[in-house]
Amino acid sequence: MNECYYDKRMDFFYNKTNTDTVDEWTGPKLIVVLCFGTFFCLFIFISNSLVIAAVVKNKRFHFPFYYLLANLAAADFFAGIAYVFLMFNTGPVSKTLTVNRWFLRQGLLDTSLTASLVNLLVIAVERHMSIMRMKIHSNLTKKRVTFLIISIWAIAIFMGAVPTLGWNCLCDITACSSLAPIYSRSYLVFWSILNLVVFFIMVVVYIRIYMYVQRKTNVLSSHTSGSISRRRTPVKLMKTVMTLLGAFVVCWTPGLVVLLLDGLNCTYCGIQNVKRWFLLLALLNSVMNPIIYSYKDDEMWSTMKRMICCSSEDKSQDRRSSRIPSTVLCRSTDTSGHYIEDGIIQGTICGKGDLGDKGNS
């Protein structure tokens with residue numbers, strides 16, 4: 001009967017698998033990794049919060065596609081939390097961790113990956129439902145979208161907890177991997193192949209949908225009198241989703257290949273030399289997504305820009321209100337609220353409509 005090592009610290013497992021965590025995580029390399037990681041994490045938190053707030057604030061985004069896009073931003077925000085936890089529990093600190101704390105560290109990363117992956121799958125289904133009817137948005141109700149979002153996170157949490165639930169090598173040291181000293185090599189093979197296969201399926205599906213959309217759009221454009229921008233909207237949404245998928249595949253595939261090689265016990269592949277750089281590449285995906293949202297979607301960018309401008313103008317308004325009589329600030333027209341809602345007025349204080357109401361009262 002195999003002996004189990006639940007009470008051991010991680011230094012025991014690192015020594016058993018001959019994994020070095022000290023030399024490569026000290027000096028200039030450690031400083032560079034921590035600096036880049038800190039900057040990226042701050043950007044992830046701020047930018048993805050803006051995306052979620054934009055979807056909540058702008059009524060034009062109150063459709064299934066954008067709700068799922070906001071959930072993808074939430075998955076990236078969660079990835080930022082996972083990376084922060086990793087930064088404080090990596091390098092020389094890794095050997096001092098308990099088994100449960102190490103499981104938590106890796107489980108957070110696995111959960112964030114699964115949440116993003118499943119979310120992209122659900123977006124593919126939503127896009128397929130709408131595209132087959134040549135509609136911009138699907139007919140999914142808010143209840144169904146809420147159920148899908150809850151299901152996404154339930155699957156993600158479960159997949160992140162699988163090693164903790166028993167698929168590990170705590171009772172079979174000979175089966176331990178090198179990159180993840182308490183993960184079984186069989187689990188790494190399963191995990192990496194599963195994700196790579198899903199990547200391939202999604203790429204094929206999205207390419208087929210995109211080709212269908214373009215073909216249908218070209219056919220309908222010669223027979224309909226609708227605006228060009230409206231006919232191109234489904235294509236633009238598909239381009240956005242395909243760009244997100246492409247970035248996801250490019251950023252995560254190298255790391256998954258390295259995990260697969262480790263699971264196959266490839267001792268001459270030099271995976272220890274590239275693991276931290278591929279981890280930073282995976283982190284870069286959560287940085288890229290908000291940039292893709294704003295670059296590919298003009299309405300998203302203008303909404304985020306208005307929120308930033310409104311925040312700064314609110315602060316300047318608070319500073320001026322202590323010096324300027326309130327009767328001056330309260331001058332407003334009844335139509336100002338309309339212009340603010342449509343986002344087409346410039347140089348207007350964001351709280352102007354409310355101040356006008358106070359002045360009228």
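In case you wondered, yes, glycine gets a Cβ from its N, Cα and C as well.
These come from TrEMBL:
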type: TRANSMEM; residues: 30-53; note: transmembrane segment
type: DOMAIN; residues: 47-293; note: domain 'G-protein coupled receptors family 1 profile'
type: TRANSMEM; residues: 65-88; note: transmembrane segment
type: TRANSMEM; residues: 108-125; note: transmembrane segment
type: TRANSMEM; residues: 145-167; note: transmembrane segment
type: TRANSMEM; residues: 187-207; note: transmembrane segment
type: TRANSMEM; residues: 240-261; note: transmembrane segment
type: TRANSMEM; residues: 277-295; note: transmembrane segment
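Here the transmembrane segment (187-207) does not touch the transmembrane segment (277-295). Their Cβ atoms form fewer than 3 pairs under 8 Å, with each pair 6 or more residues apart.
Outside the transmembrane segment (145-167), and at least 6 residues removed from its termini, the chain residues within Cβ reach (under 8 Å) are 64, 67-68, 71, 75, 100, 103, 106-112, 114-115, 118-119, 122, 182-184, 186-187. Averaged across the domain 'G-protein coupled receptors family 1 profile' (47-293), pLDDT in this predicted model comes to 85.
For the transmembrane segment (240-261), the list of distant contacts is 72, 113, 116-117, 120, 123-124, 127, 179-180, 188-189, 191-193, 195-196, 199, 202-203, 206-207, 210, 269, 271, 274-275, 278-279, 281-282, 284-285, 288-289, 292-293, 296-297: same-chain residues at least six beyond its ends, Cβ to Cβ under 8 Å.
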